[in-house]
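Take a look at the structure set out below.
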Amino acid sequence: MITMDDIIREGRPTLRKVAKEVTFPLSEEEKNLGNELMEFLENSQDPQKAEELQLRGGVGLAAPQVDVSKRITAVLVPSLDPDSKEPEFKDVLYNPKILSHSVQEACIGEGEGCLSVDRDVPGYVVRQARITLRYYNAEGEKKKIRLKNYPAIVVQHELDHLNGVLFYDHINKESPFTLNEGVLVIE
Ligand SMILES: OCN(O)CCCc1ccccc1
Ligand code: NI
């Protein structure tokens, strides 16, 4: 089971590498890793388990964050409606790739954080507002979906990890909270 001890922090080289694509059929190890990444997210979003295991809450976790330089990431974005059990987006993505995206950009109003970054880095992280994502599931089935709002932002944060990019790389150093015309701010 993945806990915070397994998550590497900034400064570790794997976080700055371009991760390798997986080939199908997946090895048992690659299948297990995908499941363990998702299990971490589920535990981290369960108040009791997060407390017991001392987990920071996460909506995504990429293989490079557990020192595995492979193009695998789990995403678990809970529903906006606290009464609904259905997550807004939940899947383990193998070899994810953005096929196309909106011209419009978006950012999260409160900025972003990262399980591999043990400090607050204030500022807007401007990303594509809407994306068309292609990925493979654990069975090697090709998926093609369109995402917008928070799920689109989270997936782009995770894909960055597969390319050795951290969220604060996108923040304007001179003026962290400057926004161009038309950038959607997601609250
Ligand atoms: O890589 C996942 N991770 O570090 C957990 C936080 C993910 C995340 C947080 C804010 C906005 C987008 C994504
Ligand atoms: Ni992260």
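The backbone N, Cα and C atoms fix where each Cβ goes, glycine too.
Automated prediction, rather than curation, is the source of TrEMBL annotations.
Annotation comment: TrEMBL describes C114, H157, H161 as Fe cation binding site. Marked as active site by TrEMBL: E158.
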- Query: Per DSSP, to which secondary structure element type does C114 (Fe cation binding site) belong, with helix, strand and coil as the options?
  - Reply: strand
- Query: At the level of the C-alpha atoms, what whole-angstrom distance separates E158 (active site) and C114 (Fe cation binding site)?
  - Reply: 10
- Message: Among all protein chains shown, how many Cβ atoms are found within 10 Å of the Cβ of H161 (Fe cation binding site), not counting that one?
- Response: 24
- Restricting to the same chain and to sequence separations of six or more, state which residues have a Cβ under 8 Å from that of C114 (Fe cation binding site). H157, L166, F167
- Query: Using an 8 Å cut-off from the Cβ centroid of C114, H157, H161, can you name the remaining same-chain residues around the Fe cation site, in sequence order?
  - Reply: G60, A62, Q65, E112, L115, S116, E158, D160, V165, L166, F167
